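Enquirer: Once you've had a glance at the structure underneath, I'll fire off some questions.
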């Protein structure tokens with residue numbers, strides 16, 4: 001078990017299951033890759049090893065990204081948002097980030113936005 005720095009742990013606002021959402025972004029392009037969940041142990045492992053580790057809510061176990069698929073996330077930067085309730089993990093993604101085999105989990109369904117006018121078109 002890896003211990004999270006108490007100064008970091010004290011800033012986290014966890015959900016009732018002890019988890020914090022982690023938004024994962026490609027470090028050099030800003031592309032949003034996925035959303036994972038971390039508890040203190042997953043965050044400590046991520047900070048210590050330089051590889052992204054998450055808590056799998058479905059399997060109820062730690063998940064080292066790329067351990068079985070080879071689609072590793074090399075961590076470049078980790079930030080905590082202003083409220084302490086969301087983690088931003090900037091990574092160098094090797095291969096697909098999504099379990100579907102897509103590069104990102106956010107490229108399949110556009111719900112809204114593509115046909116909306118920008119601020120200059122409102123008049």
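Backbone N, Cα and C atoms are what each Cβ position is placed from, and that goes for glycine too.
Taken from Swiss-Prot, the feature Mg(2+) binding site applies to 81, 83, 85, supported by sequence analysis. Under the heading Zn(2+) binding site, Swiss-Prot lists 82, 98, 105, citing sequence analysis as support.
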Enquirer: Between residue 105 (Zn(2+) binding site) and residue 85 (Mg(2+) binding site), find the distance joining the two CA atoms and give it rounded to the nearest Å.
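Expert: Here the two Cα atoms are 21 Å apart.
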Enquirer: Long-range same-chain neighbours of residue 83 (Mg(2+) binding site), Cβ under 8 Å, sequence gap at least 6?
Expert: 13
Enquirer: May I ask which residues of the same chain, at least 6 positions away in sequence, place their Cβ under 8 angstroms from the Cβ of residue 82 (Zn(2+) binding site)?
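Expert: Expected: none.
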Enquirer: Determine, to the nearest whole angstrom, how far the Cα atom of residue 85 (Mg(2+) binding site) is from the Cα atom of residue 98 (Zn(2+) binding site).
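Expert: Between the Cα atoms of residue 85 (Mg(2+) binding site) and residue 98 (Zn(2+) binding site), the distance comes to 23 Å.
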Enquirer: Count the other Cβ atoms sitting within 10 Å of the Cβ of residue 98 (Zn(2+) binding site), across every protein chain shown.
Expert: 15
Enquirer: Roughly how many angstrom lie between the C-alpha atoms of residue 81 (Mg(2+) binding site) and residue 98 (Zn(2+) binding site)?
Expert: 23
Enquirer: Provide the number of Cβ atoms within 10 Å of the Cβ of residue 81 (Mg(2+) binding site), excluding the reference atom itself.
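Expert: A count of 13.
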